[in-house]
Amino acid sequence: MLYFESLKDKFALNEKQLNKFVFYYEFLKQENQKMNLTSIISLSDVCYKHFYDSLILKEIFNFNTVTNLCDVDSGAGFPSFPLKILFPHLKIVIIESSLKKINFLKQLSSHLELDNICFFHQRVEQYDIAKNGSYDCVVARALARLELILKWCVPLVKKKGYFIAMKGKNFQQELEASKKIIKQIRVKLVSAKTLELPMQLGTRTNLLFQNE
């Protein structure tokens, strides 16, 4: 329980939230034996590379100021499911191209008693254009090059809403390559926060953009 206790201390989780993360890990480990959901499956790696990595977004953005969140290509639920556990008021929309991962997340949401989560089985570039401008905040984690995810994701964001791109340590190169699209779609980089995961498990940079 050491890794879970460190999450509890870092993010001020209550016992109910902590128990949800414990179940999340056990269910992920169980279902991953049946289908390939993630290559990251050890307890320490899941706690820090998945849970911690998702929850740390609260340091770059105040999720209490928004009501809905769109997670693009969520995979096994990161970062939206950890954020939903921490911020239960959020209405979550997940766009995911893998049907098996959607089915996993539907089961998980039922087990964790997480409500107000909608799932769309499709690629983000094929997502219903009528829903453009629908979301207070959109987030994408390890989806594609920054210039591509800006092109795909920012149109989903409301005017004056926010987009969070979760990137690695080489974000500066991607940011430089994205100057043209940033100007074209009229989005502003508000903040860039680089952090080291615990136990030297990697470097992350979270980029916060505002749709102008």
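The backbone N, Cα and C atoms fix where each Cβ goes, and this holds for glycine too.
Under the heading S-adenosyl-L-methionine binding site, Swiss-Prot lists Phe78, Glu96, Ser97, Ser98, Val124, Glu125, Arg141. Long-range Cβ contacts of Phe78 (S-adenosyl-L-methionine binding site) within its own chain (separation 6+, distance under 8 Å): His50, Asp53, Ser54, Arg141.
Sequence-distant contacts (6 or more apart, same chain, Cβ under 8 Å) of Ser97 (S-adenosyl-L-methionine binding site) comprise Asp73, His121, Gln122, Arg123. Arg141 (S-adenosyl-L-methionine binding site) has a Cβ environment of 23 other Cβ atoms inside 10 Å.
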